Structures are given as structure tokens and as C-alpha cells.
Amino acid sequence: MGFWAPLVLSHSRRQGVVRLRLRDLQEAFQRKGSVPLGLATVLQDLLRRGELQRESDFMASVDSSWISWGVGVFLLKPLKWTLSNMLGDNKVPAEEVLVAMELLKEKAEEVYRLYQNSPLSSHPVVALSELSTLCAGSCPDERTFYLVLLQLQKEKRVTVLEQNGEKIVKFARGPHAKVSPVNDVDVGVYQLMQSEQLLSRKVESLSQEAERCKEEARRACRAGKKQLALRSLKAKQRTEKRIEALHAKLDTVQGILDRIYASQTDQMVFNAYQAGVGALKLSMKDVTVEKAESLVDQIQELCDTQDEVSQTLAGGVTNGLDFDSEELEKELDILLQDTTKEPLDLPETPPETFYTNSVPNPRISDAELEAELEKLSLSEGGLVPSSKSPKRQLEPTL
């Protein structure tokens, strides 16, 4: 169950459909001539959890009186009840149409964004036929398109009205706003928009007719048929006059529509200003000039007190003695000058210098050197002349 339920929904999402039947799923998941036996149980579980809903039940939960094929619902319900009684409540008929609610909501959001990004969004009222043409790429068939409109209608984002045999759809102004019922102003604006489109198409058709008359006059001149060319030129002039008259009417209609759009914008700005003023009044309910001045005075007083405390703590404790820093600096300068004039009092050199055993004493007398040299000469057994000594002269040994 945990495997097949997401697989059924993901398959429908890839196909871009919101309506599914048991027979279609069996054909889609058929492998080597065999179909999964538990698909009916999976659909029944999805119905129980509300992820799927019977198309007839969904249409009955929303006002679908404007749908031309809504009569099929009343024919389908008795048939559904009959099949349910014959097969049991736990069985899903293979031909019964089910609606994936999650996919339907996604498709409804897609259609709403498509309308908001189209030129039709200049006015909240649009013809159902124009909206159907706009959504042809998103909704694969008419029934899916109607189901999407019913979902938007259930979400209070659109409302549908039939006016003079033509169905019109009104959208909510914002993505989170609720749609209001169609009023006389909406109908009047819609009629003006239809008149504008009709006049534009008529002007385009007459322009093509004038061009055709001009081409006929040119061919008649080439053939030497002067009278025929004159008749064609007269027809061209009459057509151009009609075009000018239609242009004047079209300009008037477009001017009225522009004023209506401007007034709607002004109304939105006025409502925004009004909401802003109300919010500002509410936020400044307890704020007055006197309270603000008193608060500023208290803040300044506290700041002054803090500065005094900081200065007091920075002064430190002097034990009752107040020293003048300038006098201390002068006295220090005098002491520095006296020390530069006096000679340095260095310690005396010690009378004897102590050396380590590894380093010989460099201060040896000449007599000691003579004696050391005499010892070396005697040890070698030869006569070695020595330098003159103030005391004695060494003699050779026998």
C-alpha cells in the first residue's frame, strides 16, 4: 500500500491529468499481459483518506449549475449507487472517474498564475471562452478545465456568472483575497471590453476591405477599365470613412476603460492610505508630545548622572593629598638635568680575578716563566739557552 499509493499519484502527475479511472491505471501498469490485482484496494484506501474523491461527489459539493454538462452528474449518481449496491461499498467500478485532490489543487494554482501573468488580468472579469483558450496548454480537456474552475470557486478565488447566454468569470484581485460577487459595475466593464474587441475586429476587417478595393482599382487601371477603377476607389473612400467613424467610437470606449482602470487604481490607493492611517493611529494611541518631551528629559538627566558618576570613579582615591601634575613634571625635568651633568659612579675593579680551572691565568710574572722554561730544558737533557734574566742565568747541566 505504501508503494502503490504514491506511484498512482506520481503517474497521474507525469501525465498532467487530475482525473483517473481504475481501468486506465490497470492498462498503464500492465506488465507482460498481467495487471496488479491490488489497484482497486489502493484506490479505495485513497478514497477513504480523502486523497481521491469521486468526480460526482466533488461536483455536488460545489455550485456547478453553470456547467453545461452538469446534468451528467444527476445521471451518474443513481448509476453509481446502483453499482455500489451490486458490487459492495468496498469496490471501485473500473469506469468510475476519480479526482486526485492534490493534483487538482496544483492545477488550479497553475491556472490562476497563468491568468495573473496574462493581458486578461487587466480586469477581473473575463469571458469563459477566452479563459478556456488561455488554459488550453494546462488543461488537456474541457472536463479538467471545469474541474479546475470548480476548485478555484471552492477556494473563493473565482465566481462564474451567466450573462445573456454567455458565461463570464470573475477572479479575486490578489492571491490571498476572496472574490466578491459579480455586480453591475463588473458587467458594465465587461460589456465595454467586449465592445472594444468587437470594434477592433471590425476596424481590422474594414482595413482589409479598403486594401482590397485599392488593389482592384489598380488592376482595373492596368486593364484600361477606367469606370471600374473609379467605382473601386469610391468604395475604398466609403470604407475609409467607416473606419474613421469606428476609430472615433473605439477611442471613446478605450478612454472610458482607461478612466475605469484609473479609478480602480485610485480606489486601491485610497484603501491602502485608509488602512495606513488606521494603523498609525492605533500605534500612536498612547503617544503625545508632552510624554515624548518628558521621556527625553528623563533620558538627558540619566545621561548627566552617568557622566558625573564616571568622572568621580575615574578620579580615584588621593588619601587627602592633592598633587599638582605640573609641579611634578617640572621637578622630574630638574632631576633629569642633574643626572646628565654628574659623572657616572662606576664600581672599582676587583684586585684579583677568579678564573676557572680550564682557563690558565694570564697574569704570570717573568720569573715564573723563566723557571718553567728551565724545567723544560732539564727534562729534555740538553742545553737550551735561555733569555736573560735580571736575577740569574741558567747553566748547562753535566
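Glycine is treated like the rest: Cβ placed from N, Cα and C.
Just so you know, TrEMBL annotations are computer predictions that nobody has curated.
Taken from TrEMBL, the feature domain 'CHMP7 winged helix' covers 104-172. Per TrEMBL, the feature coiled coil maps to 196-223. What TrEMBL records for 339-363, 376-398 is region 'Disordered'.
Helix, strand and coil counts from DSSP across the domain 'CHMP7 winged helix' (104-172) read 37 helix, 15 strand, 17 coil. The predicted model assigns the coiled coil (196-223) a mean pLDDT of 92.
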